[in-house]
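Quick look at what TrEMBL lists:
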type	residues	note
BINDING	Gly286, Val287, Ala288, Gly289, Ser290, Gly291, Lys292, Ser293	ATP binding site
DOMAIN	259-445	domain 'FtsK'
TRANSMEM	50-68	transmembrane segment
TRANSMEM	74-92	transmembrane segment
TRANSMEM	104-124	transmembrane segment
Amino acid sequence: MSRTRQMRRHARKMRRNGLQPMVVINGDEPFPDLAAVVLGRLLWRYRSELAPFNLMATLALGGAVLHITHAWWWPYLLGVTTVAAWLLAMFGDRLGLALRSERLYGAALVMSAGGWIAAVTALGIAFQPLPQVLVGGGLLLAMPWWAHRRRRAKVRVDRQIAAWPEIAQSIGLPGSRAQSAVVDVWGWRARFALARGQTIQDVVAKVPAIESALGTFRGAVRVLPTRDDKANRFELRVLDTDPHADAIPWPGPSVSSISEPIDLGPFEDATSARVLLLRRHGLIGGVAGSGKSGGINVLMGNLSACRDVVIWAIDLKRGMELQPWASCIDRLATTPEQARALLRDALAVLEARAASLATLGRRVWEPSPDAPALVIVIDEYAELSDDATESASDTDSIARRGRAVAVTLVAATQRPTQKAMGKGAVRSQMDVRVSFRVRERKDVDLILGQGMLNAGWHAHTLNAPGKFLLSAPEHDVPRRGRAYLLTDEAVADAASRHHGIRPVLDEVSRTAIEEAHAGVQLRTASEPVTAETAEGTNRPDAVLWAMLAGAPDEGTPVSHLITGTGMSRPWIYQRLRELAEADRVTQVSRGRWRAAAEHAE
Ligand SMILES: Nc1ncnc2c1ncn2[C@@H]1O[C@H](COP(=O)(O)OP(=O)(O)OP(=O)(O)O)[C@@H](O)[C@H]1O
């Protein structure tokens, strides 16, 4: 056995015994052998950084050989390169190039490398200025590679994983080994296999030692069971940055359907706080300034991106909070009367849907763009129960019976006391509870449910706006989350993007509302409604018709129809479409409408 192999065996044995091997150079050992080993190690360790030089060398060698053996191949090489670059630019995301810039870089690299090798195949490696182009172009294209954040993070993780056997040895978990690792926005996570007899509890007990060995900040390491729940596996999450250190900008909607769980923001371990709202009601609580409205913005950003949800909203703070979403809200109530009418209509929808399901022999309403779920968002619920006390029985019925027919209530309030929540059972029907910071310990039980404070749900200790605890059927342990923050621009941008995809209520629900407005459905021309009589009834359809029938020759602008009826733009357009189909209204000019001549007053 050579001396080098003997030394390596010795070093391995020392490592097994928890000792660091030392390199001893003695006179007998040929120096070049050792230098080659060190060089080999360095090349391997820095292989990612050196990849551009590797590629350049491979291209030079490959080109030189091809020129000698297959010089006539150059047109094929060029063709293959062009197709490969195009495929990469179009479908590179399937190969893990998630960003457009990454795909374009990949395509540019393939095109340059392929173009160069085709040129060398045809003309030879010494043809001027091909060698200069290789070096210059290679260095230029290497810059983005060296600068790429995710690549650098991956290299760092690979090195930490490679060092794991030594770390495991020194913290008393010898024999555990890494199986896979991925880099994410906040850091990295890896799956580990444990040695015989070791348990996940052993690893949890070693978390501070792992943090020290990896050189992270305190609290950066989480140890979790793996998805398959195997007793001899664990997942290690390592955070490079504390996800809750700063406000977290909203990355955009996480859903396109109400049947998917909505991402409210990351938990401290950087996993997403995702929660399903379909067939559930939600309660959002917390003191003024704790971030409730921010939480509602995240919900609105996601709900408005769903083609199978119609959003109604009640905002008795004069629509201050929800007004920016008005273009996506099918119906927005900002006065107690409008709120009462809205809830009455929601109950009518609920009952009609229940009857329709019974007729069809179906148990639940499956939301789709043609039969959307109805989500009613109520900002500051206490104001509703103060100013519209008669609505309590409607909200109660919706809370108790809304689930099967996909009519959902989401209520925000500072303190959901029995008084603030009205007399009914609304609070007890809320399956999703989000608690932002509360003032007093006893408020925890008010928002999250009896006994939650003692079970460790300490919402009174949340220390920054937007931080929350989430209780839902799939979230039964207290974990701190931080809601994404939507700036005013993000709200305006999302509202204008989602405005065009908003669905309207289905036929069953619309008919139910119209029937609930008994006596004030759209009148025929023979029984016209005047603006005065219609206003007295506060019925949007009737007001709309009265405004159209009394419109001047140049028509009434849609903006006036919105203000007059108190309804949303989509609602107005839907009605105008229906009336136009029945030849009852005409569009005089862009955005101006009036009743058809024979119906006008
Ligand atoms: N997720 C968040 N991340 C960071 N900062 C936030 C977050 N949510 C809210 N804030 C900050 O806290 C301030 C108050 O938030 P917000 O208006 O949402 O509170 P609120 O609980 O709705 O208060 P109120 O009941 O008075 O309306 C905001 O102006 C914002 O600067």
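Heads up, residue numbers simply count up from 1 along the chain you see.
Every residue, even glycine, has its Cβ placed from backbone N, Cα and C.
Keep in mind the model is a prediction, meaning the values are calculated, not measured.
Projection of TrEMBL feature records onto the structure.
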residue: Gly286; record: ATP binding site; contacts (Cβ under 8 Å, 6+ apart): Lys292, Gln414, Ser435, Phe436, Arg437, Val438, Ile447, Ala459, Phe468
residue: Val287; record: ATP binding site; contacts (Cβ under 8 Å, 6+ apart): Gln414, Phe436, Arg437, Val438, Arg439
residue: Ala288; record: ATP binding site; contacts (Cβ under 8 Å, 6+ apart): Gln414
residue: Gly289; record: ATP binding site; contacts (Cβ under 8 Å, 6+ apart): Pro465
residue: Ser290; record: ATP binding site; contacts (Cβ under 8 Å, 6+ apart): Phe436, Arg437, Val438, Leu462, Pro465
residue: Gly291; record: ATP binding site; contacts (Cβ under 8 Å, 6+ apart): Phe436, Arg437, Pro465, Gly466, Lys467, Phe468, Ala483
residue: Ser293; record: ATP binding site; contacts (Cβ under 8 Å, 6+ apart): Glu321, Asp379, Ala412
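Ligand 1 lies within reach of Ala288, Gly289, Gly291 from the binding-site residues Val287, Ala288, Gly289, Gly291, judged by a C-beta closer than 6 angstroms to any of its atoms. Residues 43, 77, 113, 116-117, 120-125, 131, 134-135, 138-139, 141-142, 145-146 of the same chain lie 6 or more positions beyond the ends of the transmembrane segment (50-68) yet place their CB under 8 Å from a CB of it. Other residues of the chain with a Cβ within 8 Å of the Cβ centroid of Gly286, Val287, Ala288, Gly289, Ser290, Gly291, Lys292, Ser293, the ATP site, are Gly294, Gln414, Phe436, Arg437, Pro465. Its own atom aside, the Cβ of Lys292 (ATP binding site) has 27 Cβ atoms within 10 angstroms in the protein chains shown. Taking the domain 'FtsK' (259-445) as a whole, pLDDT averages 89 in the prediction.
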